[in-house]
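To start, the structure itself, in structure tokens.
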There are 4 protein chains.
Amino acid sequence: MTTVASRFQGVIPPVVTPRTADGAIDVPSLENVTRHLLNGGVTGLFVNGSSGEVTHLTNDERDTVLRTIVGVNAGQVPVLAGAVEQTTNRVIEEAARAVSLGADGIVATSQYYAISNAEENGRHFRAVAASVDVPVFAYDVPVRTHFKLPTGLLVELGREGIIAGVKDSSGDDVSFRQLVLAARDIPNFDIFTGHEVVVDGALLGGAQGVVPGLGNVDPAAYRRLFDLSVAGDWAGAAAEQDRIADVFNIVYTPKAGRVSGNAAGLGAFKTALMLMGIIKTNVMSTPMLALDEDETAAIKVILARTGLI
Amino acid sequence: MTTVASRFQGVIPPVVTPRTADGAIDVPSLENVTRHLLNGGVTGLFVNGSSGEVTHLTNDERDTVLRTIVGVNAGQVPVLAGAVEQTTNRVIEEAARAVSLGADGIVATSQYYAISNAEENGRHFRAVAASVDVPVFAYDVPVRTHFKLPTGLLVELGREGIIAGVKDSSGDDVSFRQLVLAARDIPNFDIFTGHEVVVDGALLGGAQGVVPGLGNVDPAAYRRLFDLSVAGDWAGAAAEQDRIADVFNIVYTPKAGRVSGNAAGLGAFKTALMLMGIIKTNVMSTPMLALDEDETAAIKVILARTGLI
Amino acid sequence: MTTVASRFQGVIPPVVTPRTADGAIDVPSLENVTRHLLNGGVTGLFVNGSSGEVTHLTNDERDTVLRTIVGVNAGQVPVLAGAVEQTTNRVIEEAARAVSLGADGIVATSQYYAISNAEENGRHFRAVAASVDVPVFAYDVPVRTHFKLPTGLLVELGREGIIAGVKDSSGDDVSFRQLVLAARDIPNFDIFTGHEVVVDGALLGGAQGVVPGLGNVDPAAYRRLFDLSVAGDWAGAAAEQDRIADVFNIVYTPKAGRVSGNAAGLGAFKTALMLMGIIKTNVMSTPMLALDEDETAAIKVILARTGLI
Amino acid sequence: MTTVASRFQGVIPPVVTPRTADGAIDVPSLENVTRHLLNGGVTGLFVNGSSGEVTHLTNDERDTVLRTIVGVNAGQVPVLAGAVEQTTNRVIEEAARAVSLGADGIVATSQYYAISNAEENGRHFRAVAASVDVPVFAYDVPVRTHFKLPTGLLVELGREGIIAGVKDSSGDDVSFRQLVLAARDIPNFDIFTGHEVVVDGALLGGAQGVVPGLGNVDPAAYRRLFDLSVAGDWAGAAAEQDRIADVFNIVYTPKAGRVSGNAAGLGAFKTALMLMGIIKTNVMSTPMLALDEDETAAIKVILARTGLI
């Protein structure tokens, strides 16, 4: 299905986790989202990431989600699974379960809650990688972990074959570019941006792909943007990016302060998917509030003007 | 054994978690620490807290630790158990297991990793409290969770009987004092400082007790300090506090940058206990380094001059 | 007037800077505040500090303020003047002008705006101290400068006679206590807390005094609290502190988000002084808003219940 | 000299401020740098910015710097002058002096040291703009001011004609792209990135130019990059950007912790210019250290391999 050379490249959305009205995992809706993404041309699936509300899921729920997506995907594209836990031994437990359920790669953050440092996180990734026989990606998300993975450490881990790449949600485009440059000669080292609205610049700078939460809503647009970049049509890529940036405005529809930052962004993705008929509810994991009627109406306007409904 | 009026008052150290040389939970050493604390006159035990490396423990390890301490304690003092997880549903799972293993109260932080807000954390504590039939304490530790629990929320939750008190490790003495004043008329609402070296001032300001990591090393000193404050001998309390502050210098012995902040503080407590013959090793949870020979020697000097060995 | 041994001890409020309705420095009101403070028994005056809106004043305004207060004081108590600027050479210029206008000591922060470090700030204080022949105090206010002066540096500067003491507004009571202990043997080294509601604990721990913004409103209360601590009546000091903490609630009266943090706190002090008839307006430096009628009414209630009007 | 349509577009380096061995402003060296920049094809000059060590300069020094550069430039390209001060009234004083000395536009940050908010900073820019008759640019540099200027405020100020554009050093490429999109229909509103190594992506996204500190060292490279982007040769622009990113490695040559972040970056620019024979020394403003021999040697290697010496 993909035209790209490496296994983990292109558009790999972090799949949202739909819930039923009474708060259970909504398996049929999750199957639907997965099909929607595959139909949109994604080149991979990232399961149990932040956009999948992974830290809000119990272990049983995490397994249900991964099992469901692996089943629908049936080997069409590679499946990356988050092993998102506070510390090494807990990540190792998560990673083992994910691999046993069919994950083709593991995504792990630095430690959090723990007050850690670079050396400790180096040992952390080494221990995680030693515990599984699939590729491990480092997920750099300091807005959540409050630790920025240093470029030097990531390059060192890449060069030694500990990690196979990086999902960068650091919001730091300077260090992102420097990582891309420093890792350019590492074979099969793949760097993804997690920021939905700067993908054109990231690809121009040499990134291998994108892990966009908004890709749940409009996977085809990200695939078009990626294909334009592969074709060298950068003006076209920027134009597609600008259109996508307008869709991204759905995350700003929640009324100031009514819901948390988490619930605003992820809630907007779910609400859009609900309006598009792909999932049944926009219910969030406890204790997050779902977007309300007004906020849903505002999202509807944006989806309509961008041609998504 | 305690002479204080309320059930959760006085000196309630967060018990460290000893490991064997090969990294397993060292149950006999943990039993020894527990006896050391009870002999030192502590009025409660806080199990599976940050100083117990809770987020570094697997669920099995957490259960082993709690079961061991509950066994040795045998009802002598109340046992608080940390249910320290990222989000509500995971905290509820932890809390249920802890209560089933004999915890007399639960300690939970705000959500972390999740980008949360005050309202969401209010619902978080309500849901956790509704799920157990023992008292729930809020643990305010923004240096780890990166969310400061607002005084207004804590008072509201206390007044409604959702939480029974607060363990404050916020490092914000202004908000601490304001919490004490605002909660003064809430019956049986207990506020503890988590900061080892400002206990005299906290008690003078009206706090009910202290949860000192350093209390693992010198529980009797904290009990003396607490008793002096109950007796109104504030100059005596301050003098005891100053002596304790000297013991606390053990946490500054690690060479700059060699180990993480986590490993420095908790490692110093473990190293001191090892030097005092109470636990067998100063091994830390992966990927934290244990303090080395030089650092151990520096701790020995401090323990000697403060009369602990 | 003071009964304390050292020159810079006790209660040294940072004097507010009243403005007329059209925004000029209101000299008669400033004279009145100064008399109000001296009548309240303060043991020193801190001019051109954060509470005096120093960074909002032009150089001419700073000079007017200092000249006015020095004139009214007429040598009754020592006058400390802030030389609050971003970098060394600019602080040196400020300090020279302040000394020429009669300051008995200089108060300087770390550098700010500049991305500095400990070594640089060490050289900063050395250069400032070398440029004047009056004592220099370090003002540790990381909430504004975004740099915490390390305890080790402060002690080193104290021991070498570069600085004569510290005004601590760090909000970090742990490092405050450690500073007090580490500097205990430095002759005439004076440490002040800048936090209005934890003065009893700070004095119990060994601090030499307090620089309370709220001292503009109720200087006599701080003097009573200080005298009780000198007399060893710590329960009395804590009771006075609790009463003061209620007065401090005036800073929380501004409606959420209507004014900045700066304008809320300083505006409350000015509004209280206006209600007490000591200054004419509660006008703030541009672009800060003055507290409005509702907020003023709320402050009036607090002043009434605490006996200040 | 420029081929770009608008007055403030293209490459506008923040000019460094050379000092003599004894710390005075080195006027001949400053003249030389200015000629070096004009010869390199810059389309504007930004005087008294962070890279010019503006907050380390006394007022007299700031005036000397501006007067010198205006003199050499002699109207060839527009000159923007920083009015970088903590608060409104002080910025207004700086802006007036700069305009009187020939500045064609003013660059001002949000307030700092003051604990401000969006509304206050809105009034701040309105007051500054009202005080001068040249264009005012907002300089968004939260790493120094610790306040991120909100996109909504910047767009509002642009739409009302208060500000003529933004120099963005926020390190937040998501908000940068959103600002570019939101301001696209404001006539003559110019947005510059301050980040040296992501200029290709910024221009692809629609920015009008760049204000690169590194542009002091290699102005011609930035001009080539800009011209390639105007010509739509994005692959060429990215290749030039990658070469520039290698030059940028000079800022990472200082030994860890030896000098401050400020002194590392600005010191590297000065050291490179010294090695290139354009300025006489790499002396920094007090209390910053100059780069040492080893660091200078490391910079020499980078300059050699990138063809700059």
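Cβ coordinates are placed from backbone N, Cα and C, and glycine is handled just like the others.
According to TrEMBL, the protein has these features:
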type     : residues : note
ACT_SITE : C:Y139   : active site, proton donor/acceptor
ACT_SITE : C:K167   : active site, schiff-base intermediate with substrate
BINDING  : C:V211   : pyruvate binding site
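This view paints the features noted in TrEMBL onto the structure.
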| residue | record | CB count, 10 Å |
| --- | --- | --- |
| C:Y139 | active site, proton donor/acceptor | 29 |
| C:K167 | active site, schiff-base intermediate with substrate | 29 |
| C:V211 | pyruvate binding site | 27 |
Report task. Give me the Cα-Cα distance between the residue listed as 'active site, proton donor/acceptor' and C:V211 (pyruvate binding site), rounded to a whole Å. Result -> 11
**Report entry** Inter-residue Cα distance where the pair is the residue listed as 'pyruvate binding site' and the residue listed as 'active site, schiff-base intermediate with substrate', in Å
**Finding:** 7
Query raised in the report: So, in DSSP terms, is C:K167 (active site, schiff-base intermediate with substrate) helix, strand, or coil?
Result: strand
